[in-house]
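TrEMBL annotations:
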- 1-19: signal peptide (SIGNAL)
- 40-168: domain 'DOMON' (DOMAIN)
- 175-372: domain 'Cytochrome b561' (DOMAIN)
- 212-232: transmembrane segment (TRANSMEM)
- His213, His249, His282, His318: heme b binding site (BINDING)
- 244-265: transmembrane segment (TRANSMEM)
- 285-302: transmembrane segment (TRANSMEM)
Amino acid sequence: MLLLFLHILLSFRLNGVASSRCTTTTTSKTFKQCMTLPTQQASLAWSYHPHNATLDLAFFGSFISPSGWVGWGINPTSPEMTGTRALIAFPDPNSGQLVLLPYILDPTVKLQKNPLLSRPLDIHVLSSSATLYGGRMATIHNGATIQIYATIKLVPNKTKIHFIWNRGLYVQGYSPTIHPTTINDLSSTTTIDVLSGATAKTHSNIMPLKTLHGAINAISWGLLLPIGAITARYLRQIQSIGPAWFYAHAGVQIFAVFLGTVGFSIGIKLGELSPGRVYGLHRKLGFAAFCLGWLQTLALLFRPKTTNKFRKYWKSYHHFVGYACVFLGVVNCFQGFEVMGESNSKAKEEKLKREGVLGGGFEKGSCSSSRG
């Protein structure tokens, strides 16, 4: 129980790990605005020129594998991966030099039906380049920092841009493979007004809902249900309290199930507010615990009298479903904490210390391309 409450307290500090700072200055260019992106210690710097609707920008990211890839792109219609026009950098499989190629992420790529193949973009990319941090001696390795630069012609008066970014472990030929599917990797999207620098407020209530979802479910499924089971198992042995143990047991369990239903409903709402994010195991365990909890509660309506011949079968059912519900509920609480990223907090801190500030110092060892 102490360990569970420790996790509850830690869940209120999910955003405690600082992200890398952004910079408006590189060795080759100075930008007007910059922003630290919400995931992967990435950042973005840009200058928007309203007179000709062009956008100069630099994306700062990092590799997670010597044979991996780092990509950044724009989705013209919505803040999601499908439909993104991307520029992806990775080591050339023949020469080992850094290359930057254009890709369009259509639905077949998301479903992994076809490999991701490079093809010309249908947005006006005037120029693009990629540079490794560290100068001539820079090599692609785990943690290596990269700058992807692009100049893009935007639609006039359309300054709210959906930015997508990600990174993967390896490339097959010239086809980047699927990226990891942790919460950070599935959350690598934001919408920015490049004129004002403001980010979209969409779903700004997600973090409070996540905290409320975690707290309610930890109390109901992780604390009250086990207490109810312990009450029935041990207090019934005390003859002096009579049937009080039963009322305590039933009251705690029923309250826990109703409270857990509130937490379950918040979880369903969170799923609706987070398209593209699927927490398979956490979701399945949640549905299983919810169904068992209500089966157990509704079974009280059919509780036979002690003299009924079916009483022993009902008791066996009651014990089996009850313990299964308690077990799944507690396991899913810890699964929820893992989903929320607590288990990776130390790794994030170490990575931030290792990478430092992402700006400045970009020299040779780059690749570039231009398009008219």
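Here the Cβ of each residue, glycine as well, is placed from N, Cα and C on the backbone.
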The answer for the transmembrane segment (244-265), taking Cβ pairs under 8 Å and residues 6+ beyond its ends, is 213, 216-217, 219-221, 224-225, 227-229, 231-232, 235-236, 238, 286, 289-290, 293-294, 296-297, 300, 322, 329
Would you say which of the binding-site residues His213, His249, His282, His318 has the most Cβ atoms within 10 Å of its own Cβ? His213
Pairwise Cα distance maximum in Å, heme b-binding residues per record: His213, His249, His282, His318: 27
